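Pulled from TrEMBL:
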type	residues	note
DOMAIN	58-252	domain 'Glutamine amidotransferase'
BINDING	133	L-glutamine binding site
ACT_SITE	133	active site, for GATase activity
ACT_SITE	238	active site, for GATase activity
ACT_SITE	240	active site, for GATase activity
ACT_SITE	281	active site
BINDING	368, 514	substrate binding site
ACT_SITE	439	active site
């Protein structure tokens with residue numbers, strides 16, 4: 001069992017999350033304006049730990065997916081000691097701080113727990129330290145995220161949001177290249193290969209912090225990708241999500257004098273790569289087994305006398321295979337999760353836990369992440385539900401029907417209540433952790449003025465020769481009978497274009513754009529739909545539904561502004577391997593991770 005941060009049992013952690021203390025630590029919105037003096041305190045003394053060279057001290061403050069960092073550390077043969085007190089920081093032989101979530105929430109926790117001063121003391125004494133993502137940003141003087149908010153003040157500079165006015169999508173999500181500026185030791189094996197980033201804010205190199213900067217990355221402008229001074233390292237990217245390349249970064253930090261490390265395959269990374277994502281629709285079959293299935297326009301049952309659920313494999317095994325095959329991300333869509341109480345849905349949580357032990361690329365999970373009230377009248381917020389998925393190994397969560405309802409309310413009232421799943425989760429974990437899954441279907445019209453929603457001109461005419469269509473969003477519905485529970489889709493009075501614009505304003509960091517009409521058809525992505533949505537928003541869009549050949553991937557990347565393309569059935573049935581897709585994209589001059 002994973003040791004929760006600053007407590008001794010998972011039940012204590014759940015109690016903390018549902019208490020007023022949790023709300024105070026994570027959801028406080030007041031700005032922190034206190035100036036901190038970070039000179040080493042006389043009250044603290046740093047001494048070497050007696051734990052031995054195989055122990056890594058982990059500062060897990062309780063937000064986001066830290067399980068993957070734990071798994072990577074253990075995969076490399078090291079044990080973990082969790083920070084419980086400030087003294088645990090000061091006594092560490094080596095310390096990893098995998099910051100996940102929002103800047104202000106993280107600083108609140110560090111200050112409330114007395115960790116900030118201890119962390120500064122440890123770093124100023126040049127002890128071995130590795131900060132990851134937010135663990136890098138917190139080292140700077142301040143951040144504009146929900147701020148200004150003061151940071152630890154160890155590195156000159158302000159953490160600022162990416163500028164999306166130049167056409168670059170924010171958050172910066174995906175596999176990008178590094179420009180190494182000086183000897184960093186931990187980046188020696190990276191070379192010209194992609195590493196995985198997911199963030200909306202970054203620090204800019206300057207004359208004041210140039211002594212710290214070990215590498216930069218270009219995304220609209222050059223930002224700081226890693227820092228190093230003495231034994232202190234920090235990286236903006238996620239090594240635990242960067243495959244073999246990322247594992248080499250962790251290995252070199254944990255074993256700085258080791259020899260004979262396996263050098264990853266040489267690459268030719270130049271810029272942000274287009275992502276190829278493997279999707280696994282997971283549900284229980286009629287025997288109660290958890291299986292990966294695939295729908296034909298969302299029908300997951302075989303057209304046989306038995307009418308059984310289509311079974312294409314086991315989720316953990318398939319995810320592991322796709323990781324080996326080169327998938328840039330793996331997405332689990334829990335298509336039965338909405339039927340049960342999510343925090344009691346142990347099979348799906350276990351799938352995430354087992355998968356994250358050996359799959360070191362990003363994991364997204366969707367299905368059932370919403371507010372719940374159990375049979376005893378106990379209310380669980382969507383934030384609590386999402387937290388359990390994050391702690392079980394998810395890097396991003398996908399919200400479907402609940403986001404549709406939130407968008408409808410927002411468009412009707414013009415008010416952001418802060419109570420929707422989308423708003424709650426993005427506030428604590430950052431919008432880069434929230435994907436909105438959109439499931440529209442075409443509604444043909446003769447003229448754009450016939451409807452109030454955004455229409456597109458279609459290449460394939462409608463049943464009555466219509467040249468235009470709008471894309472009606474749908475939500476999951478349930479039908480109960482004495483013998484079974486079945487699902488379906490209900491059309492809602494909102495278009496995909498209008499929904500995409502609304503959820504971006506509400507805090508979504510990414511859109512997973514499906515198309516019911518194309519699902520399972522193998523005739524290619526709905527280019528008109530994807531172009532319309534990807535042109536309308538400034539957040540990344542994942543194209544989904546309809547891939548049947550490698551050429552469909554190059555088509556969607558050249559004809560639309562999609563940042564990623566997702567497929568399921570063609571990978572499950574081995575009709576088009578992931579490696580074949582990437583080889584084709586490379587031949588077409590499209591940047592991908594190899």
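A Cβ is built for glycine as well, from the same backbone N, Cα and C atoms used for every other residue.
Features as recorded by TrEMBL, highlighted on the structure.
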| residue | record | Cβ contacts under 8 Å, 6 or more apart |
| --- | --- | --- |
| 133 | L-glutamine binding site | 98, 99, 100, 198, 199, 235, 236, 237, 238 |
| 240 | active site, for GATase activity | 68, 69, 71, 72, 98, 132, 246, 250, 360 |
| 439 | active site | 400, 473, 474, 475, 489, 514, 516 |
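On a Cα basis, residue 368 (substrate binding site) lies 13 Å away from residue 281 (active site).
Using a 10 Å radius centred on the Cβ of residue 238 (active site, for GATase activity) and all shown protein chains, the other Cβ atoms total 26.
Within 10 Å of the C-beta of residue 514 (substrate binding site) we count 27 further C-beta atoms, all protein chains included. Within the model, the domain 'Glutamine amidotransferase' (58-252) shows a mean pLDDT value of 95, rounded to a whole number.
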